[in-house]
Amino acid sequence: MKDTPLSNCERDFLLKAIEEKKRLDGRQTYDYRKMKITFGTDYGCCFVDLGKTRVMAQVSCELVAPKESRPNEGIMFFNIELSPMASPAFEQGRQSELSVKLNRQLERCLRNSKCIDTESLCVVSGEKVWQIRVDVHLLNHDGNLMDAASIAAITALCHFRRPDVGIQGDEVTVYSPEERDPIPLSIYHMPISVSFSFFQQGTYLLVDPCEREERVMDGLLMIAMNKHREICSIQSSGGIMLLKEQVMRCSKIASVKVSEITELLNKALVNDKKARKEGGRCGFAESLPQERITALKMEETSVEMTDATERAKDIVQKADARPQKVPSPVVPVPGVGQVGQGLQNTWGLEEDEDDEEEAEECDSGEEQEEAVTKMEEERHEKEASGEV
């Protein structure tokens, strides 16, 4: 199913607003949407909300044979799933051009930047290594998928814990979390992607474009950078020519945004670690009371509960006394019945018909009595004439 295209009026309105440095959601040119990072019950499950864009990342691991070219290194595998639940433009079970592009960009951002120590994933050289798989599921699409996916993936990798292993001769033993504490991954740095959209052949620039702004943009520039201001990957799409000054300007903006996002990411990880250590509610169980599983946003309304009992008593006292006996309803027109305890069960139309039938029966009874009386008189007269 194809997505609904923008009309010419909507397109002109968006471009005119961008020229006047205004955006649909009231943000400034270089502002990000509100970002929220939450974690699941298990290690390695992360939810990222970027405005109305919602992404879930899940990290898993298994022991496999290493590649022949790199026998001492573990394997990193990334997969992005675009579900029709997120947008009607996505098709189930079929890789689109967008999913392939996002997958390659995520691999360049995380795997090619060497942010994870793959040598620490080796168990037995040339025989057993850990394969780390990162599955990114798009739950709702409202633009800037790459930024949300990269944040969710690196946060899930930082949150993930792999099982501990023991080696005795040729035997490899994998311990459960109850036997030994899981081990976190060795992460050198955290690359985060920042997207810039260009309009009117590069004249106007926006950070974190929403879904409608992506439809009218002329080009897109994605810069993956860490907090040390090291560029991990850069990709331009859309077919527009960018000047060196524009790219340098975007990289300076990206360094500021990456520092802010990294600080938020570390704070979320510390809060989750503290909650799990104290034995508090976290992940799926913690999100149930706030109904954050099925709702993107929930507005809380404050309710004044002071002196509620006294107010209730005053209202009851001031209220009118309840009548002891309910008055009998009156049937206004024929054809309306009343049924109830202590009430007469009547139907107006049937009562009229019964009266007419009784009147007809009375008339017919009187006629029969008169006929019988006449017959008796005639018989008496004949008997009297016979005796004479």
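Counting begins at 1 with the first residue displayed.
Every residue, even glycine, has its Cβ placed from backbone N, Cα and C.
If you check TrEMBL, you get these features:
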| type | residues | note |
| --- | --- | --- |
| COMPBIAS | 324-344 | compositional bias 'Low complexity' |
| COMPBIAS | 349-370 | compositional bias 'Acidic residues' |
| COMPBIAS | 371-388 | compositional bias 'Basic and acidic residues' |
| DOMAIN | 32-163 | domain 'Exoribonuclease phosphorolytic' |
| DOMAIN | 189-255 | domain 'Exoribonuclease phosphorolytic' |
| REGION | 319-388 | region 'Disordered' |
DSSP helix/strand/coil residue counts for the domain 'Exoribonuclease phosphorolytic' (189-255): 18 helix, 26 strand, 23 coil
Counts by DSSP class (helix H/G/I, strand E/B, coil) across the domain 'Exoribonuclease phosphorolytic' (32-163): 33 helix, 50 strand, 49 coil
